[in-house]
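Reading through the structure tokens given below for one structure.
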Amino acid sequence: MTKFNDLKLDPKVLQAIAEAGYETPTPIQEGAIPPALEGRDVLGIAQTGTGKTAGFVLPMITLLGRGRARARMPRSLVLAPTRELAAQVAENFDTYAKHTKLTKALLIGGVSFGEQDKLIDRGVDVLIATPGRLLDHFERGKLLLTGVQIMVVDEADRMLDMGFIPDIERIFQLTPFTRQTLFFSATMAPEIERITNTFLHTPARIEVARQATTSETIEQRLIEITPTRKDQSAKQKRELLRAVINAEGEACTNAILFCNRKTEVDILAKSMKSHGFNAAPIHGDLDQSQRTRTLDGFRDGTIRFLVASDVAARGLDIPAVSHVFNFDAPSHAEDYVHRIGRTGRAGRKGVAVTLAVPADKKYIDAIEGLVGRPIPRANAPEDFALSEAAQRPARKDDGKAKGRGRDRDDRKGRPVKPHGEEAAMSPVEAAPQARKPERDAPERDEAKEAKEAKDGAKSNGRRGGKSDGRKRREDRDAPVVGMGDHVPDFLTRGLKTEKA
Ligand code: AMP
């Protein structure tokens, strides 16, 4: 068996690897490192979780060991599709380059240009960036790409999903023809094939097995639910999800809950919290510091449930996730593979539960086609029964967070197809006046929510209504002894006025 010591890596890199506790390279590392060290282009077909990041970071550090960076001319470039993935590459770099003097800069959205400019001005060996942010810097004239000797494209298939391929092509053209290219993708879509044919020169091609077909450590289950009311489909699924989580008990140490849309991510996270679950959302609309805080919290165990969209969670390296729940069946089959691959990592056992409504059948068929076998069916927990509330007609404002205009996942240019609940939306839910896209809908405190929505609507329609609205809110927020939280709003105001 090959050991890291057999690879011709810089002794400083080997020392850092040993300190990280790794002895044996993973298959993608074993395949990619030797040709990369020879200066060859590499085409790695591998998913996250295979160790591919170290597969390119380790040879890069070794190759860059000789030479020095010049101002504004990075010597190497790593492109990643999302901020989180870029940050993860940067972390890997810090780990493996700690005994070297190499410098890096991370160019991602949500961080001020000024700080990033300063680093680039000083000269960096490794520039890690998302494509859009890199081009922003380039266009501001702060960056020259003519010194790039090694260029890495990570998660190219995700770049394709997010509409970044034109940016990638442009960046390729801005770098020297003589550069070395290390290119990684989980799949080889025709568009990816075209890019690699154009920009890679006789690459060493290394393919490692797909996760979904090899990972026997993930127990998969599909629970089908036929909502008794179409307009309460999401609510009924939330009740089922809670029941499934509760039935898992302590075996569920932590979990990622996947939704297809950002609005649903927010709704589910709020709903989980209101039912006493330690949950937090992550998606592309949250600012960077919030996303980082949430991820750190999930990694260190202070957050137990991460409610996520595909883009936000894809490729994230969170080693110990006991469960994945697909609150929405993914509408792209390959997303299923990526989602469930968040659990059952590094030989640990994992459980992946998918909830599906009848409208999801076509997605489930596509997933089963891709992974080449049926997802085992499972029943809802024995004691599961829908609440009465979930079987009553939906409140008028139930759909208020589902703004159509912004109804995309974080990926650029590809609207997430509505399905299931949304496709089945009742006329009441779909009525424009019932929508309030700027707010998300928690399940509890329903009377209060409905009242606030109404108050807001009224005050918006009235001149001077804003201050009126604020005053009413202040009145309402003052504690009213003995009335609890669930008192109809008009009652609390009346009592408050009398007491004051
Ligand atoms: P990646 O596919 O790059 O996201 O890596 C997945 C995980 O594998 C990360 O937690 C790495 O720290 C870990 N890892 C990378 N290389 C090795 C190795 N040779 N042996 C064991 N774990 C590794």
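Using the three backbone atoms N, Cα and C, a Cβ is placed for every residue, glycine included.
TrEMBL lists motif 'Q motif' at one of the ranges 2-30, 205-233, 263-291, 321-349, namely 2-30.
The DSSP breakdown of the domain 'DEAD-box RNA helicase Q' (2-30) into helical (H, G, I), extended (E, B) and coil residues amounts to 17 helix, 0 strand, 12 coil. Residues 37, 44, 46, 50-52, 54-55, 58-59, 61-62, 65, 95-100, 206, 208 of the same chain sit 6 or more residues outside the motif 'Q motif' (2-30) yet have a Cβ under 8 Å from a Cβ within it. Confidence in the motif 'Q motif' (2-30), given as mean pLDDT, stands at 93.
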